[in-house]
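First comes the structure, then the notes that go with it.
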Protein chains: 2
Amino acid sequence: MRVLGVDPGLTRCGVGVVDGGAGKPPRLVHVDVVRTPADHDIAVRLLQVAEEVEAMMDTYKPDVVAVERVFSQQNVRTVMGTAQAAGVVALAAARRHIPVAWHTPSEVKAAVSGNGSADKAQVTTMVTRLLRLDTRPKPADAADALALAICHLWRSPMQAKLAALTPTAPRRRTAPPAPAVRVAR
Amino acid sequence: MRVLGVDPGLTRCGVGVVDGGAGKPPRLVHVDVVRTPADHDIAVRLLQVAEEVEAMMDTYKPDVVAVERVFSQQNVRTVMGTAQAAGVVALAAARRHIPVAWHTPSEVKAAVSGNGSADKAQVTTMVTRLLRLDTRPKPADAADALALAICHLWRSPMQAKLAALTPTAPRRRTAPPAPAVRVAR
C-alpha cells in the first residue's frame, strides 16, 4: 500500500509518500514541502498548494491520502488557512477517486512514537529511524507528513478489523470509489 | 458588475448571483443552495460543493466571487467544514482567474441593513427589499449568499477608492489575473 501523507498549511504544506504493508517496514518514496508566500492572495495560495499536491498524486499514484485532522487551536487565521488547504487536498483526492483518511495530531504522534504528546523533535527522530534515513527530514512539516503516512499504514488494518467487528459501521472516513452523488436541491 | 456570493458550508452552501453597478439597483440573476448529506465522507461532500459551484461559475461567469470570511466560533467541526468549503470555492475561482473577495458576517449585515449585528430575519427582509423580490429567499443561506453579493457591489468601489488613496496598498484581498505563481521549494 502506498500512502501520501499531508500536513496541510498555506505557508508550508508537508507532503510525504511512504510504501508499506503487512510485515514490511515502511519505505520512503518521496518527501516535499509546498510553500506559498504569506503576502499573496489566499485563493492564489490555495491554487498553488492544489497544483503541487495534484502533481504529486499524479506522479506517485497513492492508494490512500492521509490528511491531518485540523482542530481549532491557537491562531484563528492560521487554523482557517490550514483547514482551507486540507479542503483543497481532500478535493484533489476525491476527484481522483483516492480515499481520504483523517488522523489527529495525537493519533499520529502516538502511532510513530508511542506518545500522543510527543514533541516535533521526537516525531522527527522516530520518522528518521522508522524509515532508516541517513538525515533527519526538514522542516518539521516534512517529518509530520511522513509520520501521517506511517500512522495510516499502521492504523488502517486495525481500523478495518474494528469496522468488520462492528455490526453497524460508524461514520465513513474514506471516500467510496464513485463519489459523484448529486443531491436534489 | 456581476458578483457570485457564497455562504460556504458542507450541509448547506448558499450561492447567489447579483448584477449591479454605479447608480443601478442590484438585480437578482440566480440563487441556489448546494446541499450535501451529513453522513457522507468529507472529501466527497467537498467534491459535490466544488462541482455545483463550478457549474454556476461557468454558467453565470461572475466578475468577482465574494465569500464569507469564516471565523472560528461555536462548533469546531462545523467551522472546519465551513473553512474547507470556502477553500474549494476560492480554488475554483482562482482556477478560472476570477478574483475572490472576503467579507466578514458583520460587514455583510452592516452593508445590507445598516446594522452589523442584524439577525437572519432582518438580513432576509433587506435582501428581499433591495432586490425587489416577490418572495423571501429561503433558506437563510440563500439570503446570506445574496447579501454577500450585494455587500461586495457596495463595498468594492469604496475599497478601490481607499486603496488608491493609500500610498502603500494593504494586503491584497483579490486575486491578480494570472495566479500561476510557482515558488521554488
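Positions of Cβ are set from backbone N, Cα and C atoms, glycine also.
Bear in mind that TrEMBL entries carry predicted annotations, made automatically and left uncurated.
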Checklist entry - Can you check which of A:6-25, A:106-125, A:166-185 TrEMBL lists as region 'Disordered'? => result A:166-185
Checklist entry - Quick one: what's DSSP say for A:D141 (active site), helix, strand or coil? => result helix
Item to check | Length of the line joining the Cα atoms of A:D141 (active site) and A:D7 (active site), in Å | outcome: 6
